[in-house]
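Peer 1: The structure under discussion is supplied below as structure tokens; questions concerning it will follow.
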Amino acid sequence: MDTIILAGGKSSRMGQNKALLPLGNERVIDRLINEFSPITRRMFLVSNHPSEYQSININILTDEPEFKGQGPLAGMEIGLKNATSQECLIIACDMPFASKQVGKWLIDELTNGNFDAVIPVSEGRIHPLFGAYHKKIQPIIRTCLLDQKRRMTDLIDQLNVKLVEQNDAPEYLQNIWGTCFWNMNTMDDYQKALKHLGGHNDF
């Protein structure tokens, strides 16, 4: 499997690049790379600000010029286009506590079934930006972008998707399921993330 990390750059709600914020003794992006490297054949980072990541030993991609800045679908398109594995894990950098155990299970569900994607559900919400996707859907994403359909739901509606909820997951994933899909979008969220690292469960 390959892992594709989507790092969008400066966040309007955060006021800065959330991927570069420190969490403990490492940055968010370093945390994700270190977490998923052990289960990954090749790892890609998609960003339209590649100079911010030059110190990181990772394959850096930018959106296709015609799709630049068109959101996560553009990042998924270039990531899957360059992937060398048929099964790929997509992770947004605003999920600092994404777990390789959950990611590996999502990939296994994709591999063992005849699906285009396996997307988790937590607390009634789907989380397509921490999901397992087949490389073959890249042309579908490209068509969505060419048709100005830039929402994740525009893509999902065209795929054979398996949605998985917490009670579908193995017992060893139950305790980390909710935290795994928590999004860090604001400075208040960032403070919660720091407290979580300190042993407080404030999510």
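Cβ from N, Cα, C; glycine included.
In case it helps, TrEMBL gives these features for our protein:
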- 4-151: domain 'MobA-like NTP transferase' (DOMAIN)
- Leu6, Ala7, Gly8, Lys18, Asp63, Asp94: GTP binding site (BINDING)
- Asp94: Mg(2+) binding site (BINDING)
Peer 1: Three-state secondary structure of Lys18 (GTP binding site) from DSSP?
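Peer 2: The residue in question, Lys18 (GTP binding site), is helix (DSSP, three-state).
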Peer 1: Would you report the average pLDDT that the model assigns to the domain 'MobA-like NTP transferase' (4-151)?
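Peer 2: Its mean pLDDT is 92.
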Peer 1: Enumerate same-chain residues with a sequence separation of six or more from Gly8 (GTP binding site) and a Cβ-Cβ distance below 8 A; give 'none' if the list is empty.
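Peer 2: Within the chain, Gly8 (GTP binding site) has Cβ neighbours under 8 Å at Ser47, Asn48, Pro72, Gly75, Ala92, Cys93.
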Peer 1: Within the domain 'MobA-like NTP transferase' (4-151), how many residues are helix, strand or coil going by DSSP?
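Peer 2: Secondary-structure breakdown of the domain 'MobA-like NTP transferase' (4-151): 58 helix, 36 strand, 54 coil.
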